[in-house]
Amino acid sequence: MASAAERIPEEARKRAEELREQIAYHDWRYYVLDDPEISDEEYDRLLDELRALEERYPELRTPDSPTQRVGGKPAPQFRQVRHLQPMLSLANARNEGELRAWVERNLRLLRRAGVDLARLRYVTEPKIDGLAISLVYENGRLVRGATRGDGEIGEDVTENLKTIPAVPLRIPDAPPLIEVRGEAYMPRREFVRVNEERIARGEPPFANPRNAAAGSIRQLDPRVTASRPLSIWCWGVGATEGISFDSHYESLEWLRAHRFRVNPDVELHDDVESVIAACKRWEERRDELDYEIDGVVVKIDDLRLWRVLGVAGREPRAAIAWKFAPMTATTVLRRIGWNVGRTGHLVPYAELEPVQVSGVTVKTATLHNEEDLRRKDVREGDEVIVMRAGDVIPQVVSPTARAVRRPDRPPPPQPPERCPACGTKTIKPEGSVWTICPNRAGCPGQIFQAIKHFVSKGAMDIEGLGEENVRRFLEEGLIKHVADIYELDVDRLAALRGFGRTSAEKLVRAIERSRSQPFHRVLYALGIPGVGAVNARNLARHFRSIDRLLAASEDEIEAVEGIGPILARTIREALDDPNTRELIERLRRAGLRFEEEPPAADSEAQPLSGKTFVLTGTLPHLTREQATELIESAGGRVTSSVSRRTDYVVVGDNPGSKLERARELGVPTIGEQELLELIGKERVSSLTSG
Ligand SMILES: NC(=O)c1ccc[n+]([C@@H]2O[C@H](COP(=O)([O-])OP(=O)(O)OC[C@H]3O[C@@H](n4cnc5c(N)ncnc54)[C@H](O)[C@@H]3O)[C@@H](O)[C@H]2O)c1
Ligand SMILES: [Zn+2]
């Protein structure tokens, strides 16, 4: 031993020690604090480097090395529980070649073990970016829920998990013992909403849905967890008594039949080609899903083979995670600039050396707010990590380790003393994380942002009022206030240089059309802090008119689904702001809708009342948003996944696997035309021409 140890160069020994220390630190930030400092790719690079060193000098591989362990140590504030069976991690395949190599290696091992390979099948499942949890059921009752922790010992979060509606507390026809494993996650829509609220309250937003889910479950107060909209996809069975499974796919079907939420798009495959095709399909659909995924998990279906293949380090050989192209990249931050938000907040952003991130060139990225900026400690000239996730704006994650060590690093950036848009002296209200421009009524920067939001797709959806035009109209004095949009006329527009009569007419028509947008969209368009699209819908449904909302007390506002006390106060304050009042009055005079459409006299008589729809593929005429509004206005409901309770699946071009699922379950499928017929043509023409 001693002689072998001597052969290890001092440098390698030191580097391994350094890496172990760094990895332990980042594990703590990621798993214990839910607040990572570096990107996953950077972390993986550290781990890869350590793995390579340990491979080269096996004596360096200590039992406590992070390469030998899963996850992080359980946090001391929770009761610790030993898992009935270890919860492992997954090896990664970063491309097709690595996936095929995994298959070949397993085939070799199985052949050597004398296994008949003719019937080898695989299961593909989305790799949900959430928090792994274990649910133990004794005689059909949930007795314990835990996080994965370090894989051997997790944290007891039973009370918190009980607040997730999709976690069954009891299951029918249950064996004496079954441990169900799955991924708790925060749906993307909810993530956006929770962050909107956090920003409105002056709290730093969560970096991604995974942190949001982990932070919500690892709460000491279950009421906090209950207030966060979480769900779960179950992906496997751990320890059991009185039942056993030979096929992973069958175990998932069993789970589904016993009221667990299992992803409807899990698929069984007979060969690797089909597996690879499924992985690629998932990668394409990634942005459409209501949950964040970072890859596809490929598992050998025959669970007996899992035992034959065993575990390598901390990863079962029978499964692998196909990882999608990284959503992060490293580049140089050239300058930190400040934008004025629509409510006067100064928002820092980064001008970057252009860089490709998952197929898109990124030149600017948000830095969220001052506190976030301070926490991340990025400086001009730093090498930084940039992330782009789904349709979210690119963000700066952190400076790289190298940037931090730079000797000539400039001091931390400070918010400007004068508003970059109007020159007014900025102020920082006591206890706020924001510096603001107090010139609410006259700051062109704020008006620009307010208009941009007002005309955006989810709000009034005025086509032709893009950023460039808005900027121009502001500069030329055509618009000084959001409500001025409704005073634009063809003659004044056509008089602008380079603005032809045709485009002027087109724009005025688009503005006209927007007058009939429903109340909830108008409410969202007002840009009240914390009132995103979802909250606007809920507020509109609850109060039904702006007058009732304006007259509501803080308590009454808090009674609305999804709105807590702090947000209720923020909304109340915004409604009392004379600027908001003026905006509402002017828009009311412009003829916008400030009342919900009255429900049909007899809601039973609504053509789609009580019916549930799922949409898949591209419809010939209607966008997804339009189809959803049509269905909802006819009394129906639109959900994202097909189940036995779905009444119709509306199928367009290039449908996803929802179509297969519908066929499997015998749910009727219809096209756009049939949907319109169901709703009744008269109604439709009145809705779509409005
Ligand atoms: N940025 C940082 O500082 C930092 C620190 C530590 C870890 N990390 C990141 O965390 C990850 C490593 O964590 P890990 O050990 O959880 O491995 P992993 O996330 O790569 O894969 C294992 C996990 O996948 C999850 N999973 C999702 N869907 C699943 C399905 N259908 N079937 C089975 N499992 C499913 C389970 O939670 C399982 O524990 C890496 O991506 C790493 O970069 C980052
Ligand atoms: Zn200003």
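Every residue gets a Cβ built from N, Cα and C, even glycine.
On a predicted model such as this, the values are computed, not experimentally measured, just so you know.
In TrEMBL, the Zn(2+) site is described by CYS419, CYS422, CYS437, and among CYS279, CYS443 the residue recorded at this site is CYS443.
Checking the candidates ARG20, ARG144, ARG148, ARG342 against TrEMBL: the one annotated together with ASP40, GLU41, GLU42, TYR43, ASP44, SER89, LEU90, GLU125, GLU183, LYS299, LYS323 at the NAD(+) site is ARG148. Of all the recorded positions in the list GLU42, LEU90, LYS127, ARG148, LYS299, the shortest Cα-Cα distance to CYS422 (Zn(2+) binding site) is found for GLU42. Packing against the region 'Disordered' (399-419) from elsewhere in the chain are residues 22, 38, 42, 330, 333, 336, 338, 340, 346, 348, 370, 373-374, 376-385, 425-426, 428, 435, 437, 439, 443, 445: each is 6 or more residues past its ends and has a CB under 8 Å from a CB in it. Ranked by how many other Cβ atoms sit within 10 Å of their Cβ, the binding-site residues ASP40, GLU42, ASP44 place ASP44 at the bottom. Closeness to ligand 2 is met by CYS437, these being the binding-site residues among ASP40, ARG148, LYS299, CYS437 whose Cβ falls under 6 Å from the molecule. Cβ neighbour counts within 10 Å, taken over all protein chains shown, single out CYS437 as the most crowded of the binding-site residues LEU90, CYS419, CYS422, CYS437, CYS443. Separating the Cα atoms of ASP40 (NAD(+) binding site) and CYS443 (Zn(2+) binding site) is a whole-number distance of 40 Å. If you compare Cα positions, CYS443 (Zn(2+) binding site) sits closest to GLU42 out of the recorded positions GLU42, ASP44, LEU90, LYS127, LYS299. Apart from CYS419, CYS422, CYS437, CYS443, the Zn(2+) site neighbourhood in this chain, defined by C-beta within 8 angstroms of the site C-beta centre, holds VAL340, GLY344, PRO420, ALA421, GLY423, THR424, THR426, PRO438, ASN439, GLY442, PRO444, GLY445, GLN446.
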